[in-house]
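According to TrEMBL, the features are:
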{"type": "COMPBIAS", "residues": "377-388", "note": "compositional bias 'Polar residues'"}
{"type": "COMPBIAS", "residues": "389-411", "note": "compositional bias 'Basic and acidic residues'"}
{"type": "DOMAIN", "residues": "530-688", "note": "domain 'Katanin p80 subunit C-terminal'"}
{"type": "REGION", "residues": "353-461", "note": "region 'Disordered'"}
{"type": "REPEAT", "residues": "16-58", "note": "repeat 'WD'"}
{"type": "REPEAT", "residues": "59-100", "note": "repeat 'WD'"}
{"type": "REPEAT", "residues": "138-179", "note": "repeat 'WD'"}
{"type": "REPEAT", "residues": "180-221", "note": "repeat 'WD'"}
{"type": "REPEAT", "residues": "222-263", "note": "repeat 'WD'"}
Amino acid sequence: MATPVVTKTAWKLQEIVAHASNVSSLVLGKGSGRLLATGGDDCRVNLWSINKPNCIMSLTGHTSPVESVRLNTPEELIVAGSQSGSIRVWDLEAAKTPSSCDRPSLLGQKSTGRSHTKRMWSCLLSMAQPEGEVLRTLMGHKANICSLDFHPYGEFVASGSQDTNIKLWDIRRKGCVFRYRGHSQAVRCLRFSPDGKWLASAADDHTVKLWDLTAGKMMSEFPGHAGPVNVVEFHPNEYLLASGSSDRTIRFWDLEKFQVVSCIEGEPGPVRSILFNPDGCCLYSGCQDSLRVYGWEPERCFDVVLVNWGKVADLAICNNQLIGVAFSQSNVSSYVVDLTRVTRTGMVAQDPVQDSLPLAQQPPLPTAPLRRIYERPSTTCSKPQRVKQNSESERRSPSSEDDRDERESRAEIQNAEDYNEIFQPKNSISRTPPRRSEPFPAPPEDDTATAKEAAKPSPAMDTQFPVPNLEVLSWPQVITSTPVPKAEPAIIPAARNEPIGLKASDFLPAVKIPQQTELVDEDAMSQIRKGHDTMCVVLTSRHKNLDTVRAMWTTGDIKTSVDSAVAINDLSVVVDLLNIVNQKASLWKLDLCTTILPQIEKLLQSKYESYVQTGCTSLKLILQRFLPLITDILAAPPSVGVDISREERLHKCRLCYKQLKSISGLVKSKSGLSGRHGSAFRELHLLMASLD
């Protein structure tokens, strides 16, 4: 029997030695996902093509280590900032094709030794000489350049420095257009909004700021992080901003109401790399040795993919694959994650046939955006909006020393064939032809070839009985003339457009006379009203129970309100209350856990998806906040004398530990499920590993 090839979800693509010294910064081209730029302590900027071992081009000119690099979306320009505060911009497509230097005839000459090597490098360097002005030098910052970004439409570059200033530069005029002051510490990340009207900045002062480019002032400040903010990203369509911090949280900000939407806690380490999916359905977070997929309304983890990339530095998406790059000393490694095998949405199809498919292959349900959508210019050739100009004293033109630096800067093309393939225009109509690249093939699983050889039938078998291709025959669906009734799903999804387990015919009067084909309206309405009174009683009872819990909640005693909800013995009320408590982690106390944990065990066993999601969220909060405390108190030696408060705390910890041990078996049994339920239970199983 043939063994099918199992496609890997994530794999390592390559590892290269990028610089002669340590790598200090790198960035992926977001347009193609195939171009990599690295900056090193050797003061160089090197360009690489992903999955190719040779350097395409090396850009020189900086006299101090390069600490920040950025490519524009068309991957035509690259900007690099150094430790000294200088910024240089290169046009990667402006290098002219060599005409005066005939490379084949040069290689055919019989010169040897250093003279031949020198002539070859002179030929290659002549390819990088500009047809006009290729390189720009921007001076003005007084400390390290920590962050850079290109304007999506205009010829502007934003720079953030350790001197706490943000500057907007006009590439064409080589001058500072405006300076934004507001941060008190180093600016670690800058991002332009998709429509090019705003600029978001993240800094070590624990804040995120939003700047209006047209007005030239700060629109809003987003405090809330407890550590330095390392990265910010705009949603590709909606007015939404995500920020990642060293406090191991990701926060989502509404750019209409200027308030926090949700907060994801419990990241394995500082958040340094996040990326929205191109359609905006989810957010990817490059964690320590894993990729996590998040939603934000409400906050939840769709999937966790194990990737041995260590501390990933940048992410890009191309051909339904996520490419991640990481660096250590002088080495740079690239990794690929197949997004078709990753759960990226919380929607579940209602059709049982679709339920049997992987979640990544299910068609998403159409949803309307919750916020406004960016209004982009009609074409990329349109002029950017007029930016508020700075005063003459603020603007600075390049000095003669800067001009000398420009003349000394150069581009050394290491691999001429790769350079021509990527950067040189292929036709006279479009300066940058569309880049078409195939997805990176996944490496085969171990022993796959051996299994295939063992599965081949012998020649004697071929002459007697032809063996069918079992891989092909196992895929088509069996179609019968007898209609198969739709079975009720094991877990009722939270988002559905029709009732589960109900038939409209059950509410209509039965047809007693075969000849009677029309139903009287009065008879149909009387049958429908029979269940109406019962439903009203159920909803009235639930409303009364919620009023009781609300009355206790207004007194400020959270423990009493939770106890009252548990005493009612209605899981729907408990779910409604937990959905509120989960929004604010500071409300959780140790005595509250002793009451909630038995209810969480019931929720995890429920057939309703919303109940299971709420139970997972609450259990995750308890494990993150209280499990280290519980294990430390239980492992501590007994105290000398009588300490009533310590004895009470010890009793609560023992009770919680016993309840968590009971839940751990349930979580372990459900961690083998597929889809988002399985990923949630697998994450809980990892958090509960210390209980074993």
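Each residue, glycine too, has its Cβ placed from N, Cα and C.
Nobody curates TrEMBL annotations by hand; they come from automatic prediction.
Sequence-remote contacts of a segment are chain residues at least 6 beyond its ends whose Cβ falls under 8 Å from one of its Cβ atoms, and for the repeat 'WD' (222-263) they are 185, 188-194, 198, 200-210, 269-276, 278-280, 283, 285, 294, 296-299, 369-374. Counting residue by residue with DSSP, the repeat 'WD' (222-263) contains 0 helix, 24 strand, 18 coil. DSSP labels the residues of the repeat 'WD' (16-58) in these numbers: 0 helix, 23 strand, 20 coil.
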